């Protein structure tokens with residue numbers, strides 16, 4: 001028999017732990033507990049001195065306000081059916097102001113449950129009667145306007161930056177309440193996902209009522225998401241509940257490789273936990289490990305910090321990996337300081353030429369005799385710092401142990417699985433845990449706990465990072481100095497760390513919410529001045545710490561990279577992305593491990609693009625340097641043969657022997673020789689950059705049509721610079737950063753404050769977040785964006801089970817240079833597309849170190865792509881076809897048509913025979929594309945060939961004949977290939993005078 005969920009609250013002050021865990025719908029708890037204890041909690045006392053809280057009815061003031069209770073949460077699991085139940089629960093406890101202020105409680109009650117609603121309504125009216133406005137619990141951070149209205153209410157128990165109560169009008173209770181953003185504010189495709197991915201109530205889950213078992217089973221059979229063609233979509237559901245199947249595929253393909261590789265196991269909560277009901281915080285150590293993990297989850301006070309810890313645990317690959325990394329970091333610090341101190345004060349270098357043992361050059365009692373005064377003081381400071389790091393490690397071990405128990409017992413994920421498990425699976429397990437009605441003890445986080453999905457979790461984890469992405473892309477920071485060589489904005493890791501400390505530490509409070517003073521226009525001048533003072537103070541501290549930081553990082557970089565450059569001199573030309581490039585490339589709500597994998601995969605293509613451009617001037621200079629250095633090394637080595645024992649110690653200059661110069665000159669020769677480019681590359685920068693865009697997501701509109709030009713390459717190299725240059729900038733930045741903080745950044749303080757005020761958006765349950773991270777399409781102005789309907793947007797971003805977004809779709813989101821607002825909106829649209837691709841496409845569900853399984857092309861002869869490196873001998877060997885080496889990405893083998901417009905892999909033999917026999921190229925193209933049957937089981941692909949720089953200003957328009965004339969020297973201009981074939985081409989080639997040079 002089902003118990004009544006709505007009972008009158010009583011005054012028994014029990015610790016209702018079960019209400020935080022299992023909510024209103026639990027059927028497996030101890031029957032001795034009253035169900036009202038599981039659905040209510042005491043409202044904190046509000047100061048009765050306010051006129052808002054006085055009632056005109058004297059009899060109601062005699063009742064103890066501690067008995068006044070409001071619902072802790074609407075125990076919905078994000079389904080449409082349960083949202084209706086949520087509405088009934090909210091209305092059951094919502095104050096009916098229209099009737100309460102007049103004392104009229106006549107409701108059209110026809111059931112006993114409605115009578116309970118009337119009684120609860122009258123109880124809550126004691127709090128608000130006598131006022132024209134009412135207060136209801138509000139989840140998350142209060143908006144700045146609402147806080148100004150309620151400033152006269154003194155809530156000592158709550159943080160000023162995270163108020164609990166909000167004013168609301170009566171019509172807000174007549175409409176349906178939701179835990180998420182209103183559907184009208186959701187992006188179009190988000191609404192499509194949320195409407196179609198409404199999860200079904202899982203009838204097998206623990207502690208849930210079974211009154212809708214048959215209804216849910218019937219509905220779940222016909223409620224799978226479908227794509228625009230009407231077929232069931234093969235994708236993942238990370239928006240809503242997790243109690244439904246993780247993938248929904250077609251009936252022909254019910255099995256999925258991801259469900260086999262990463263089987264999901266629902267959290268196995270305790271079936272009898274009545275012992276936890278009266279357990280206070282100071283006695284949780286008496287509980288078992290699993291019970292303690294459940295208690296911790298139920299008493300989460302700050303969901304932002306908790307989810308960030310959960311993600312950092314996943315990012316660190318578990319308990320032992322994180323602890324090992326922290327210990328090794330301390331050991332690295334100790335090693336650098338100990339070795340540098342010992343080598344500087346405990347070795348007598350004057351005895352090196354005459355000594356043969358280490359003991360002969362060691363200074364006895366060097367720490368007491370040689371190290372004195374200033375150096376010893378800083379050594380003691382360093383020892384104290386190491387002790388603090390060890391103490392911090394002790395507390396980190398306790399915290400990580402709790403996270404390990406949370407993963408192991410509540411999410412059913414072991415540490416061994418974290419290295420291969422996709423983050424999407426962790427999100428899915430969190431949603432399972434949420435759907436089992438686990439609540440928080442903090443009323444501010446009640447509804448926030450029910451807002452756990454991929455989008456909201458990413459917003460909580462990246463609340464600060466999203467602001468930083470928008471900040472660095474807006475170019476409002478002045479990072480230059482009014483002196484030569486430093487007039488350009490250069491961001492380094494040192495400067496980035498200081499900006500994060502000064503700006504983000506000032507804007508956000510300890511709870512992780514943005515401060516209300518930042519959002520109030522009336523306090524703009526005050527916040528601007530405070531931020532300026534913060535910049536100047538940070539600059540002063542950097543000046544004091546600069547000598548020690550420079551010394552430490554010089555030694556660290558020397559120990560880390562010297563052996564690499566010594567053994568592999570060619571690595572000195574290695575490149576990496578600059579810090580500003582990483583912030584420009586990163587998308588909103590893109591977690592770090594996804595971004596890191598994407599950027600790491602792009603380095604090969606980035607090197608390919610840079611290496612395509614000739615470096616003749618550099619090569620000539622390096623050849624000369626290598627010749628000079630090699631000559632001196634050869635002379636010294638030759639002279640060493642006559643007297644190897646004495647000549648090696650012969651001093652060429654003061655205190656510089658032959659060995660010294662052989663070592664230095666040999667290193668210079670090796671570096672210069674390995675840097676000279678001696679290989680041939682296909683010059684196709686346009687195709688390479690467009691392919692690189694698939695990983696960097698960065699292709700400015702200004703570059704269009706100029707991909708082959710040197711200035712575009714130089715602009716790209718500013719983002720993808722030499723590693724040695726970046727290291728030198730980092731060392732220089734340690735001395736330049738104090739002046740940037742003191743002179744340059746204070747002038748940007750006003751724009752920074754305006755940026756946070758103008759780009760913050762309030763979301764119920766989340767607080768203030770960066771507006772671009774919410775993917776709200778209504779914020780976009782312009783006719784082009786408003787004209788996008790749901791179908792067109794879905795076509796751009798919808799993905800099925802085996803195909804990801806291709807370059808033609810993604811290139812539509814390239815930033816346009818109409819205005820800064822257009823750039824920001826385009827960045828938001830682009831982030832939205834890739835966010836949906838990361839979480840909706842099953843092909844992207846991989847671990848941190850794994851690549852998605854792409855369907856490759858047939859491994860037949862002639863189907864491989866064009867090689868970047870080839871020799872003339874290979875190109876012109878007998879029987880070789882010169883079309884294989886044409887300009888472009890795709891090789892022309894038997895499976896490709898040589899038409900420069902469109903070619904297909906369908907019917908490859910006929911295409912190649914027609915073209916090789918001299919048939920009309922256009923006819924060959926038509927034959928290749930005539931049978932375009934989507935139901936063909938073969939892997940047929942159709943490509944649009946793009947030319948490198950042929951579409952630029954130098955070559956405005958080229959038709960098919962022009963392309964064939966350019967790419968085939970035997971083309972006669974009539975669409976026919978000459979019968980001279982390869983021999984004729986070789987004959988023409990060897991007529992040139994420069995052959996063999």
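Each Cβ is built from the backbone N, Cα and C atoms, and glycine gets one as well.
Residues or ranges marked as compositional bias 'Polar residues' in Swiss-Prot: 29-39 (among others).
Per Swiss-Prot, the feature compositional bias 'Acidic residues' maps to 79-88 (among others).
The compositional bias 'Acidic residues' annotation in Swiss-Prot covers 144-159 (among others).
Feature annotation from Swiss-Prot assigns compositional bias 'Polar residues' to 221-233 (among others).
The annotation ubiquitin cross-link is assigned in Swiss-Prot to 113 (among others).
The ubiquitin cross-link annotation in Swiss-Prot covers 121 (among others).
The ubiquitin cross-link annotation in Swiss-Prot covers 138 (among others) and rests on experimental evidence.
Per Swiss-Prot, the feature ubiquitin cross-link maps to 701 (among others).
The feature intramembrane segment is assigned by Swiss-Prot to 539-559 (among others), with similarity to another entry given as support.
As annotated by Swiss-Prot, intramembrane segment applies to 724-744 (among others). Tertiary proximity for the intramembrane segment (724-744) is limited to same-chain residues at least six positions away from its ends with a CB under 8 Å from its CB atoms, namely 478-482, 486, 490, 492-495, 498, 502, 535-536, 538-540, 542-543, 546, 549-550, 553-554, 557, 561, 572, 576, 578.
The feature phosphoserine is assigned by Swiss-Prot to 19 (among others), with experimental evidence given as support.
Taken from Swiss-Prot, the feature phosphoserine covers 122 (among others), and the record attributes it to experimental evidence.
Positions annotated as phosphoserine by Swiss-Prot, on the basis of a large-scale study or a structure entry: 144 (among others).
If you look up Swiss-Prot, you'll see 657 (among others) marked as phosphoserine, on the strength of experimental evidence. Residue 657 (phosphoserine) is surrounded by 15 other CB atoms, counting those within 10 A of its CB over all protein chains shown. According to DSSP, residue 657 (phosphoserine) is assigned to a strand segment.
Summarising the annotation, Swiss-Prot assigns phosphoserine to 787 (among others).
Feature annotation from Swiss-Prot assigns phosphoserine to 792 (among others).
Cα spacing between residue 831 (phosphoserine) and residue 842 (phosphoserine): 18 Å, rounded to the nearest whole number. In the topological domain 'Cytoplasmic' (678-723), helix, strand and coil residues by DSSP number 26 helix, 3 strand, 17 coil.
Residue pair residue 657 (phosphoserine) / residue 701 (ubiquitin cross-link) shows a Cα separation of 57 Å. In three-state terms derived from DSSP, residue 842 (phosphoserine) belongs to a helical segment.
Using a Cβ-Cβ cut-off under 8 Å and counting only residues 6 or more beyond its ends in the same chain, the topological domain 'Lumenal' (642-656) has no close neighbours at all.
Cα-Cα distance from residue 842 (phosphoserine) to residue 701 (ubiquitin cross-link): 31 Å (rounded to the nearest whole number).
Only residues 6 or more beyond the boundaries of the topological domain 'Lumenal' (340-376), in the same chain, are considered here, and those with a CB under 8 A from a CB of the stretch are 551, 555. Every protein chain shown contributes to the tally, and the Cβ of residue 831 (phosphoserine) ends up with 22 other Cβ atoms within 10 Å.
For the recorded positions listed here (701, 842), the lowest count of other CB atoms within 10 A around the CB belongs to 701.
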